[in-house]
Amino acid sequence: MDENKKRALAAALGQIEKQFGKGSVMRMGDRVVEPVEAIPTGSLMLDIALGIGGLPKGRVVEIYGPESSGKTTLTLQAIAECQKLGGTAAFIDAEHALDPIYAAKLGVNVDDLLLSQPDTGEQALEIADMLVRSGSVDILVVDSVAALTPKAEIEGEMGDQLPGLQARLMSQALRKLTGNIKRSNTLVVFINQLRMKIGVMMPGQSPEVTTGGNALKFYASVRLDIRRIGAIKKGDEIIGNQTKIKVVKNKLAPPFKQVITEILYGEGISREGELIDMGVDAKLVEKAGAWYSYGEERIGQGKDNARGYLRDNPTVAAKLEAELREKFQPSEAAREEGDDEGDDE
């Protein structure tokens, strides 16, 4: 760059700093690029698949899937992990369906959880913005986008047609929220539902679509698709669900990784079940017939007994987890490459 251009640029940068404050514009090389802070999800498999050890702070995350697939369970586990690390959590329950007893079973400290059950979508998003701007909340969950009903719809008649109202509300809210989220380093998780597209479908295109328009797809740094793929049985009794979680979008590490984990009724994600599955894959746990062995010790006949052994022996579980973390060490957060990866359906 010639001297005249350098002087002009320096003058422009000086004027910008004077008008908008120090740090409004900076050279990327002038600051140390630090790894993104993350909040663990409660699932070791998912933390590794996300590439940064959990859900990123200072970002928007969308978790979507069919009904009863484990969306709220996953967010409650993330809240529990955040609270264990001394963080503050807020839950905006637009569906008015949060069960505090179930949340407590998953490890959430319900006494310290900030809960809001707003009347309208505008109220929910305004409360979310105020909590984010306070800078004192580490994780904020909105459950769910589909339940964020615009005020005009609530005040109108039952059959009124108000096309695009919710999409406009979400678009406006996210424009306002994202800057505050980055500044306050808050993780904001939006839970979303699926709907079916009506009309002509292109071959190979999914008929499923998330609610609330397209804005959230663009603003989200991480999008997770969570689905129930089978039942977990103990004899004839169903004790949980086998669940597939796919990282559909990830701006911080390579996307499209997927994990199959277990969600047990009344317990949440089975940490011990994950350790066994990952241990077998990594050849740290040996499976001979129905028996599982770790090191010199047999830990159980059948997965349920092996799971019980690890639950009763937390030191053994911690040792196995440490070995697995060492083997599957998440790589450092890659630099964000924008929205041009073609990762939205």
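Heads up, the Cβ atoms here are built off N, Cα and C, so glycines get one too.
So that you can see what the record holds, here are the features copied from Swiss-Prot:
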{"type": "BINDING", "residues": "GLY65, PRO66, GLU67, SER68, SER69, GLY70, LYS71, THR72", "note": "ATP binding site"}
Candidate with sparsest Cβ neighbourhood (10 Å radius) among GLY65, PRO66, GLY70, the listed binding-site residues: PRO66
Near-site residues: ATP, ref GLY65, PRO66, GLU67, SER68, SER69, GLY70, LYS71, THR72, CB cutoff 8 A to centroid: ILE226, ARG227, ARG228
Same-chain residues at least 6 apart in sequence whose Cβ lies under 8 Å from SER68 (ATP binding site): ARG228
All-chain count of other Cβ atoms within 10 Å of THR72 (ATP binding site): 23
Count of other CB atoms lying within 10 Å of the CB belonging to SER69 (ATP binding site): 22
Packing count at LYS71 (ATP binding site) (other Cβ atoms within 10 Å of its Cβ): 21
